[in-house]
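*Asks:* Have a look at the structure that comes next, please.
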Amino acid sequence: MPELPEVETVARSLAPQLQGRTITGLAKLDWPKMLTPSPDEFAALIAGRRIEAIGRRAKWLLLSLDGEWTLAIHLRMSGQLLVAEPETSEARHVHFALDLDNGRRLIFNDQRKFGRVHLLDRQGLAALDAVHGPEPLAADFTPSALAERLQNRRAPIKALLLDQHLIAGIGNIYANEALWLARIHPLTPGAMLTPEQINELHHAIRHVLQEAITNQGSSLRNYRDGYGRQGTQQEHFNVYDRAGEPCPRCQSTIERIVVAQRSTYFCPTCQITMQQPE
């Protein structure tokens with residue numbers, strides 16, 4: 001699933017293609033379950049709207065429209081959002097497309113049909129914002145803010161990093177990478193982290209996310225940016241999906257376990273196991 005760096009990359013790549021453009025209509029919808037509100041209401045509301053800005057909240061792509069509406073798009077497992085020629089929307093896995101005033105289309109290619117497209121008013125956008133934790137790259141996401149989010153949390157730190165209510169945008173890839181960089185075992189209870197470990201984790205989270213954005217995200221399967229280009233962050237993984245390989249730091253063998261129903265990769269030598277608090 002695309003995480004914060006991938007969605008940020010898509011937003012940045014779509015901005016020069018979409019900002020200032022007008023949506024002239026709903027060109028294609030063959031999977032109505034992905035859409036909110038109903039197709040007829042959506043089509044009536046979206047036509048003639050000008051795209052004023054493109055941004056991101058957590059793993060949601062946000063297209064700010066005139067009239068205080070926002071088009072919120074979640075790529076889920078296999079979604080790709082591209083600006084392309086109209087004939088491209090006839091491809092088998094394109095389930096949603098919008099006509100633009102320059103003759104091109106914004107298309108949503110989604111092989112697994114898990115993606116979502118929501119047209120939100122101000123109240124709906126506020127509700128989406130409220131269910132997510134702070135943005136880990138924001139200026140106010142300090143080590144103290146991270147410590148506050150983890151206070152009294154006995155769940156494994158890996159599970160806590162995946163909780164979008166606590167911290168927005170981090171998924172399985174970058175949780176693994178951040179914990180390795182910070183030398184923290186993924187099963188360590190959040191409440192057990194020392195101030196020094198929290199500082200290290202804070203730095204690691206921001207570092208791995210920024211590095212991934214610089215490298216245009218991780219293209220493991222379906223992910224592409226708004227121009228259809230692959231990212232290269234997968235070439236820089238230290239532990240993710242590297243079970244059985246040597247740790248880049250100490251040469252011990254990287255291991256795999258399951259935490260919060262997700263594959264979890266770590267170095268048993270570098271990442272020390274902590275005990276559950278009593």
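Every residue gets a Cβ built from N, Cα and C, even glycine.
The feature active site, schiff-base intermediate with DNA is assigned by Swiss-Prot to Pro2, with sequence analysis given as support. Look at Swiss-Prot and you will find Glu3, Lys59, Arg262 tagged as active site, proton donor. Under the heading DNA binding site, Swiss-Prot lists His93, Arg112, Arg153. The feature zinc finger is assigned by Swiss-Prot to 238-272, with sequence analysis given as support.
What's the neighbourhood like for each of these?
*Replies:* The Cβ neighbour count for Pro2 (active site, schiff-base intermediate with DNA), using a 10 Å radius over every protein chain in view, is 28.
Under the DSSP three-state reduction, Glu3 (active site, proton donor) is assigned to coil, being neither helix nor strand. Using a 10 Å radius centred on the Cβ of Glu3 (active site, proton donor) and all shown protein chains, the other Cβ atoms total 22.
According to DSSP, Lys59 (active site, proton donor) sits in a coil region rather than a helix or strand.
Taking the Cβ of Arg262 (active site, proton donor) as centre and 10 Å as the limit, one finds 15 other Cβ atoms among all the protein chains shown.
Cβ neighbour count for His93 (DNA binding site): 16 (other Cβ atoms within 10 Å of its Cβ, all protein chains included).
Across the zinc finger (238-272), the prediction's mean pLDDT works out to 97.
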*Asks:* Only counting partners 6 or more residues apart, tell me which same-chain residues put their Cβ under 8 Å from the Cβ of Lys59 (active site, proton donor).
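*Replies:* In sequence order, Met1, Pro2, Glu3, Leu4, Val7, His74, Leu75, Gln164, Ala168, Gly169, Gly171 meet the Cβ cut-off.
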*Asks:* Please state whether DSSP places Arg262 (active site, proton donor) in a helix, a strand or coil.
*Replies:* strand
*Asks:* Out of Arg112, Arg153, which has the highest number of nearby Cβ atoms, where nearby means within 10 Å of its Cβ, if these are the binding-site residues?
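*Replies:* Its Cβ has the most other Cβ atoms within 10 Å: Arg153.
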*Asks:* Where does Arg112 (DNA binding site) sit in the DSSP three-state scheme?
*Replies:* coil
